[in-house]
Amino acid sequence: MSLSFSEYLVWKVAARMREHNTAFLHAFFNLAFHKQPPKVQARVCWILVMSAGFSDQPSAGVRAMSCFQASPSHSWIYPTVILCLFGFFSTMRPSEPFLMPYLSGPDKNLTSAELTKEVFPVWTYSYLVLLLPVFILTDYVRYKPVILLQGLSFITTWLLLLFGQGVRTMQVVEFFYGMVTATEVAYYAYIYSVVSPEHYQKVSGCCRSATLVAYTVASVLAQLLVSLASLSYFYLNVISLASVSTAFLFSLFLPMPQKSMFFHAKPSKEAPPKPPGGDVVSEEPQKDPKPVCQELYTISGNPGIGQQSSPKPENVVLRVFVQWLRDLKECYSSKRLFYWSLWWAFSTAGFNQVLNYIQVLWDYKAPSQSSTIYNGAVEAVATFGGAVAAFAVGYVKVNWDLLGELALAVFSVVNAGALFLMHYTTNIWVCYAGYLIFKTSYMLLITIAVFQIAVNLSVERYALVFGINTFIALVIQTIVTVIVVDQGGLGLPISIQFLVYGSYFAVIAGIFLMRSTYIIYSAECQKKVLRSATSQTPDGPHPEDPRNVIMGTKL
């Protein structure tokens with residue numbers, strides 16, 4: 001059988017791969033094989049099997065058949081690396097810490113009142129309107145098209161920022177940035193559809209680390225360019241445009257997932273009953289799709305064999321929505337999860353509101369046209385401090401069932417105090433310090449909240465709860481924006497707004513302080529009852545048993 005040069009090359013690499021079994025040759029063979037036309041793939045597949053048949057090792061044929069089953073789209077390393085590169089470059093935007101000085105400076109000449117009351121609120125409104133449709137569409141189209149949409153939205157946002165003028169154009173910018181944030185769910189959900197469950201924790205850490213490192217690098221780079229090189233804010237946006245364009249190019253190389261969490265989930269042949277009280281992620285890795293050779297044989301031999309009849313799309317959609325309602329009802333019936341989600345929604349709404357207007361406050365305290373500003377350095381330190389706090393919380397041994405909501409109350413008090421400090425001070429450095437405390441405290445608490453919510457949920461239910469909590473947070477943020485910021489509402493000046501935000505977090509702290517007091521008091525009462533029962537029945541359970549205490553805290 002004669003071989004073309006490309007077929008010979010692929011065959012030689014495969015032979016060396018079986019001989020030396022190196023990761024590099026595996027990767028090269030996967031890329032080379034899957035770039036060939038179907039007929040070439042079939043020929044190489046047959047040659048590999050035939051050549052392996054003359055080997056003195058009985059399992060050589062099996063190895064030859066299996067050596068090309070793992071394509072780049074089925075290996076967890078390839079999509080993880082590409083996705084992390086996309087996340088890094090899409091987040092590496094050095095212009096963001098200096099957005100307010102850029103818009104209010106000679107490049108755009110917008111006033112603080114126009115930005116606060118007419119431009120920035122559009123992001124909140126568009127994010128709210130787009131979130132649920134995008135959340136559903138993301139799963140239905142299997143993630144990659146939405147990631148591509150996010151990349152195009154990034155590019156459109158920065159093109160308009162660079163070359164657009166006027167309030168209306170900046171409102172369009174905010175709309176597209178709302179599209180960017182709404183489609184961000186695809187970035188974090190995509191990886192779960194292309195890797196097996198045993199890699200979830202590793203790839204999640206990689207994806208989040210990529211964005212944190214990128215944001216820190218971008219903030220430091222921006223501060224150095226502004227302070228040392230006196231670079232114009234315009235060119236910071238040029239760098240951001242180049243970075244997000246690079247991210248879009250990387251997104252083109254992402255493999256298309258064959259499944260998704262909800263609409264394209266692969267049902268198991270037999271659904272074993274769940275253990276009572278358990279929705280923990282304990283599923284086995286799903287099997288890879290059929291090998292290429294098997295697919296070629298099925299297609300060329302008898303197309304009807306091996307194909308399962310799929311339900312009609314409308315039935316699938318209806319089934320998914322009904323399942324969502326059942327899952328939400330079951331999840332939120334847990335009071336513990338309900339209260340943690342409540343804190344998540346209210347605190348995230350306040351946090352996003354502060355982040356949306358913090359640069360306006362800094363410009364009010366120290367106008368960028370007449371002062372040296374250090375927004376980039378502050379953002380870098382705040383992000384790094386938040387990342388360290390989030391990492392450290394994993395090593396803190398605390399009974400979160402008993403003291404978790406007390407921690408929420410205490411750190412909500414810290415957040416409120418930081419916001420009051422930013423309101424009352426006239427010193428920009430004190431204002432910076434208040435922001436550092438606020439952001440670090442929030443990132444610490446949101447890490448605890450995410451863990452407490454996700455610890456007993458499957459990946460699918462966690463994604464659903466996360467989406468609903470984010471939507472509720474956006475509804476709350478929209479209400480706050482309409483009342484406090486929008487010119488159709490109170491239209492308060494920026495300094496008074498932060499007084500309102502401080503009061504907002506103080507109310508959150510009060511609610512959870514009362515609830516945590518009730519939980520601790522109930523636990524103490526339960527311990528007294530158990531201690532009394534133990535004194536009467538010495539063979540009973542020990543009153544200090546942590547399980548008994550936790551029983552008394554589940555309200």
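Placed from the backbone N, Cα and C atoms, the Cβ positions cover glycine too.
Feature annotations, reproduced from TrEMBL:
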type	residues	note
TRANSMEM	75-92	transmembrane segment
TRANSMEM	120-138	transmembrane segment
TRANSMEM	145-163	transmembrane segment
TRANSMEM	175-195	transmembrane segment
TRANSMEM	207-226	transmembrane segment
TRANSMEM	232-254	transmembrane segment
REGION	266-288	region 'Disordered'
TRANSMEM	337-360	transmembrane segment
TRANSMEM	372-394	transmembrane segment
TRANSMEM	406-426	transmembrane segment
TRANSMEM	432-455	transmembrane segment
TRANSMEM	462-484	transmembrane segment
TRANSMEM	490-513	transmembrane segment
REGION	532-555	region 'Disordered'
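Taking pairs at least six residues apart, the transmembrane segment (120-138) and the transmembrane segment (462-484) share three or more Cβ pairs below 8 Å and count as touching. Only sequence-distant pairs (6 or more apart) were considered; of these, at least three Cβ pairs between the transmembrane segment (406-426) and the transmembrane segment (490-513) are under 8 A, so the stretches are in contact. The transmembrane segment (462-484) is in contact with the transmembrane segment (337-360), judged by 3+ CB-CB distances under 8 Å for residue pairs 6 or more apart in sequence. Just going by CB pairs under 8 A, the stretch in 75-92, 232-254, 337-360, 490-513 that sits most against the transmembrane segment (432-455) is 337-360. If you look at the transmembrane segment (207-226), the same-chain residues 6 or more away from its ends with a CB under 8 A from one of its CBs are 80, 83-85, 87-98, 187-188, 191, 233, 235-236, 239, 243, 373-377, 379-380, 383-384, 387. Non-local neighbours of the transmembrane segment (490-513) in the same chain are 112, 116-117, 339, 343, 346-347, 350, 353-354, 357, 360-361, 364, 405-406, 408-410, 412-413, 415-417, 419-420, 422-423, 480, 483-484; each lies 6+ residues outside the stretch with a CB under 8 Å from one of its CB atoms. Non-local neighbours of the transmembrane segment (175-195) in the same chain are 73-74, 76, 79-80, 83, 86-87, 90, 122-127, 129-131, 134-135, 138-139, 142-144, 146-147, 149-150, 153-154, 156-157, 160, 203-204, 207, 254-255, 257-261, 459, 463, 467; each lies 6+ residues outside the stretch with a CB under 8 Å from one of its CB atoms.
Nonlocal intrachain contacts for the transmembrane segment (337-360), taken as residues 6+ away from its ends with a CB within less than 8 angstroms of a stretch CB, comprise 97, 99-101, 112, 115-116, 120, 123-124, 331, 375, 404-405, 408, 412, 415, 419, 435, 438, 442, 445-446, 449-450, 452-453, 465, 468-470, 472-474, 476-477, 480-481, 485, 494, 497-498, 501, 504-505, 508, 512, 515.
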